[in-house]
Every structure is written in structure tokens, then in C-alpha cells.
Amino acid sequence: MGKNVVVLGTQWGDEGKGKIVDLLTEHAAAVVRYQGGHNAGHTLVINGEKTVLHLIPSGILREGVQCLIGNGVVVAPDALMREITKLEEKGVPVRERLRISPAAPLILSYHVALDQAREKARGEAKIGTTGRGIGPAYEDKVARRGLRVGDLFHRERFAAKLGELLDYHNFQLVNYYKEPAIDFQQTLDECMAYAEQLKPMMLDVTAELHNLRRAGKDIMFEGAQGSLLDIDHGTYPYVTSSNTTAGGISTGSGVGPMYLDYILGITKAYTTRVGSGPFPTELFDETGATLAKRGHEFGSTTGRARRCGWFDAVILRRAIDVNSISGICLTKLDVLDGLETINICVGYKNENGAVIDAPSDADSYIGLEPVYEEMPGWSESTLGVKTLEELPQAARDYIKRIEELVGAPIDIISTGPDRNETIVLRHPFA
């Protein structure tokens, strides 16, 4: 009997999901992406060699693992082909193992132009998108006017829909944002060129997942971004345009929730955020700078510096509830090495002095102060440690306290960037 295991982020993204997916796919027959697009940036380090994936599932570096892109993912053909080419240049076979749902929405040049024009127009009030067209592509999907991967293989139908879409979007670009129009013929020609390359990789991903399930194969579901960026449950409006929480798995892959056996919540040992939006535990002092430097906290997709702060048990409790988390993977524990004291946020105090839980929108965070519990740090190095017993006592106490505060077990601890620098206490596929 196979198991279906989910790996998703519990914070604002950048928790280290790529490494853990790569580690666990040793036991998986297939890995599927079910939401987001090439705004994701999953960094894998294998034998010291770094690989960053944006759209292709992280299982691609494991020989024989099938990689699937589900209907909930927005696909930019140009970005996908660049990523495939880079991997092939490294000797990684991709086209034989990558399959893409025909129902996945396309990101095209006008989505990128709109995304960037809107952020520019917002000025200081910008959301902090990656500018890669993710939001506008999801808008077209929900408005039922979007083009999908399967449309690429019907030229006349595709051209007719594309013409209508460009009439609609170019009007905004030219008249409202004062940006140049997107050319119809150039866009059509580019898309038809990509169609020839993508056609052999197209597959009914939902049907394939159920075939694998019925055959008793282990399947990994790879989330992108983090729970606090969910369009419904995140710090709205400073969120992404997809459901990053567990509910997005079923809608984005076609595999119902009753078939999911274990949900692993990837959680950084401190907290980071890229772009705008509330961040109660953010540090503006030397400690924050130290975390950023040691943790190499720069976005793998945008290159933007990440904001850093103390561990926030409040948002993790919310993520555990929303996702029905089975177990936690605590990453980047080694970044905390050498700190004399470490703070954990255990609640938020509002203007009336009452301690409250996580709000459901960005405005409700205004005026909140984090309530901290101070713990002793440790001077010993935890980098590369592979057993719980080898960790300093203070590090073990920190892990135990997090478990107590959030009500979920820490099943995996990451002590470095390489797939081998990991402590596995309970294996999700066991």
C-alpha cells in the first residue's frame, strides 16, 4: 500500500522545502506540483552542487522519479523551457520524466507586462510580487477567459482566444498604465514554437496520479510558497494568488483529501519574509542582520533580501490548524548557533493589552506587539549533525519547547543545506 505525503511551507515561504522534497523522494515514485508557478524557488544542494528549481518538481534530481505539474500550477512556457535546458546541460534527463496537465493555465507575455505595470503604479503601496505574471494568469483562470496548456495544440482556437485576450489586456496596458501593447503575431509565433516542445510532455496528470495510487506507489505532493501567503488564509492582501495551504492540493491535482496520508509542515527555526506585509517578530538590529548573513537569506527567485525575525509560534499554530499538519520539519537550526539567547513569540498583545492569536488579514496586525519567551542559546556547532543526541542540550530544549507551544511533533530537523545534513526522527513514508 503506497502513501501520499505532502510537503508544504508553514510560514511566508523560503522554509527549505526543496531540500526536504529531494530527500524524501528517495522513497517516492512520483512528485507533483499542485499550485503556484515559477515564482517559487526551491534550492537543492547535493554533494556541494547547488541547483535552483522554479517550476519543475524537486524530484527531478532523483533518477527514475516521475515529475508531474498539476492543473493548479500556472505554466510559463518560456521559463519552463529555460529550466529544462539548464538541467539537461547538467546531464539531468527531464523530458522523459516530466509530464504537464493540459488543464494548467498559461502565463504569457501580457500577464508579465500587467504584473509589472501594476506594481510600478502602486509605488510605495506595492504588494511585492515577483513580477512574473502569476497573479494576472490566475485572474484570467478565475474569469474563465484564460488559455491553458491544452489550447496550445489547437492553433486556430488558440489564435482566436489570444486575439480576444490581447484586445482586453492591451486596453489596460496602453490606456491605464501607459505601457506599450503586446504584439499579437509575435506572441502567437512564440507560443506555437513552445507547443511543439511541450506536446510530448502533456498528460492527464489527475488520471496518472490515481493510476499510481491504485498501483500502490508512494507519491509526494510538493507545495510552493508558504501557508501565510495563501490567497484565503494568508496576510491578505500581501499574499500570492493561489491556495498554498493543504486545500490547494486537491483542487490543484485532482487527488481528494481522504487520499492524503501525511502532511509535513516545513518550518524555519527562525522566521523570514520577502516583500511587503506584516511581520510581528521582524528584527531590525544586529541579530536580524546576523540571521540574514548566516542563513544566506536572499530570494532564490528574485534575489531580494529576506526580512528576518524570531521564531513565531503563533503563526505556526495557525498553519498547523489550517493544514492539519501531521509533523514538522525544522530547518536551518544551525543558523542559530552561537546566539547567547533566543526568543520565541508565544502570542501577540493588542492595544488593549490582551494577548491574542494570529489575525486573518494584514490590517489587523497593526499595533500588535509580540510576546516573547526567552530561551538560552548554544555555543556549539549543529552544522551537519545527524542524530538528536549529538545536538547541544539547549538546542534540544528549543526543539522541545516549540513542540509544546504548537502541539505538533518535530519529525525532521535540517542541520545544513545538503540532503545528508538531516536528522529524521519519524519518516513520513514509514
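Glycine is no exception: its Cβ is also placed from the backbone N, Cα and C atoms.
Since the structure is predicted, the reported quantities are computational estimates derived from the model, not experimental observations.
Asp14 (active site, proton acceptor): 28 other CB atoms within 10 A of its CB, across all protein chains. Swiss-Prot lists Asp14 with the feature active site, proton acceptor.
Positions annotated as active site, proton donor by Swiss-Prot, on the basis of sequence analysis: His42. Under the three-state DSSP scheme, His42 (active site, proton donor) falls in the strand class.
Swiss-Prot lists 13-19, 41-43, Arg306, 332-334, 414-416 with the feature GTP binding site. DSSP assigns Thr415 (GTP binding site) to coil, not to a helix or a strand. Thr415 (GTP binding site) is surrounded by 26 other CB atoms, counting those within 10 A of its CB over all protein chains shown.
In the structure as shown, the Cβ atom of Gly41 (Mg(2+) binding site) sits within 10 Å of 21 other Cβ atoms. Here Swiss-Prot flags Asp14, Gly41 as Mg(2+) binding site, drawing on sequence analysis.
If you look up Swiss-Prot, you'll see Asp14, Glu15, Gly16, Lys17, Asn39, Ala40, Gly41, His42, Thr130, Arg144, Gln225, Thr240, Arg304 marked as IMP binding site.
Its Cβ taken as reference, Ala305 (substrate binding site) is surrounded by 12 other Cβ atoms within 10 Å in the chains shown. Annotation source Swiss-Prot lists substrate binding site at Ser300, Thr301, Thr302, Gly303, Arg304, Ala305, Arg306, citing sequence analysis.
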Q. Could you give the Cα-Cα distance between Ala305 (substrate binding site) and Lys19 (GTP binding site), in whole Å?
A. 20
**Q.** Sparsest Cβ surroundings (other CB atoms within 10 Å) among the binding-site residues Gly13, Gly16, Gly303
**A.** Gly303
Q: Please report the number of other Cβ atoms within 10 Å of the Cβ of Thr43 (GTP binding site).
A: 19
Q. Are any of Asp14, Asn39, Thr43 (the recorded positions) within 10 Å of Arg306 (substrate binding site) when you go C-alpha to C-alpha, and if so which?
A. Asp14
